[in-house]
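Per TrEMBL, the features are as follows:
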type: DOMAIN; residues: 31-260; note: domain 'Orn/DAP/Arg decarboxylase 2 N-terminal'
type: MOD_RES; residues: LYS49; note: N6-(pyridoxal phosphate)lysine
type: DOMAIN; residues: 266-352; note: domain 'Orn/DAP/Arg decarboxylase 2 C-terminal'
type: ACT_SITE; residues: CYS324; note: active site, proton donor
Amino acid sequence: MSQLYSCTAEVVDVLQPVDPIHCVRSDVLRATALRFVQAFPGDVLYAVKCNDHPAVLQALHEGGIRHFDTASIVEIRNVRSQLPAAECHFMHPIKAPDAIAEAYYKHGVRSFVLDHEDELAKIVEVTRGARDLTLAVRLEMPRGQALMDLSGKFGAPVHEAARLLRQCKAVAAKVGLTFHVGSQCVDVRAFGVAMDLVGETLKQSGVDIDLLDVGGGFPGQYTGSEPAFEDFCDEIRAGIARIGLPGTCRLQCEPGRALVWDGLSVICRVDLRRGSSVYLNDGTYGSLSELKYLGPCFPISVIRRHGEPVGQEWDDFQLFGPTCDSVDSMPGPHRMPADIRTGDWIEIGLMGAYSNALRTRFNGFHADRFVEIRHEDDGGKVTWLDSYKVRKVA
Ligand SMILES: *Cc1c(COP(=O)(O)O)cnc(C)c1O
């Protein structure tokens, strides 16, 4: 079943792919996971929603990720069936009773997040007053420096969180606080601000927490000027010291994007070039919505039929996806070789986060081919992942 190719250009040359292809870099994902597990002074949970492809989960697990931030019952089912020993944490503050029940009784999930007393009542009722729960209260965050802000949807303000924490303490085995600063947060101080809110909540509640979860939001290095994960770890350590968190409190984080951003690229084809407008066979309803929402910060290279040379000059382009909807556009300037033409393939790099996870079937387009690329001493190999079970290649 498996086929090997030496590089993405060879994938294109051999297959002349009609549909977009996702290229998974498992060795990159493994290395990032290992680095994060070593750098963070606690448990690293992977936020599954960011990219739930089995090859991604597998590579992160091989890199040492043992905990998963799962935010729906389907994510919990998938993680538990692929990685039975992994621990799932149900991190969505608002859950259906059926989802809580299946998570608790069938999948052994004991860790739940909430931001409202009705949710607490729901959890207690569904689990029939279980005494083995870890309950974390989600704190509301101020509008921060994250490019994708989540404030306003989830989280309890400090005084409410303090009250919720006391209510949790009365019923749960362990209690904690959690927050999420928003995705692609490029300001380490956002975590310092969050830590101070944690400190204030602890003061108002008088509760000793067993767990502090600092969420996700750590940035991918798209421009190269984003702070590194280690910088955020320093800020978090400083915050912990400042608010005097007891040493018995366990720490955890939930990166999605920062674990996978450079672990995948997408190969797609130019259906038409019209001046500075390039029409692709993948777009915002497919795997490329980040090209619109984060903007033109993704590296794009051209792969030409039969290895024909590509010009050295570069120019600015705007991109369009294949559907008939005008939303399906990715305004530039996207830098691409100036001689790009109809029929070329392009490889868009750094597409690991919020790419294939957001695909729809709108207008009949749904790219579903994945290959694995391994950069090994002999140059690298590509393995088809269409039949994911077949992943060991000689
Ligand atoms: C989406 C999400 C994450 C992951 O966010 P990234 O920006 O991808 O790191 C972590 N925690 C929660 C609660 C989330 O909703």
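Placed from the backbone N, Cα and C atoms, the Cβ positions cover glycine too.
These figures come from a predicted structure and were not determined experimentally.
In sequence order, ASN363 are the residues near the residue listed as 'active site, proton donor', counting only same-chain partners six or more apart with C-beta under 8 A.
Across the domain 'Orn/DAP/Arg decarboxylase 2 C-terminal' (266-352), DSSP helix (H, G, I), strand (E, B) and coil residues number 8 helix, 37 strand, 42 coil. Taking Cβ-Cβ distances under 8 Å and a sequence gap of 6 or more within the same chain, the neighbours of the residue listed as 'N6-(pyridoxal phosphate)lysine' are ALA71, SER72, GLU75, GLY256, ALA357.
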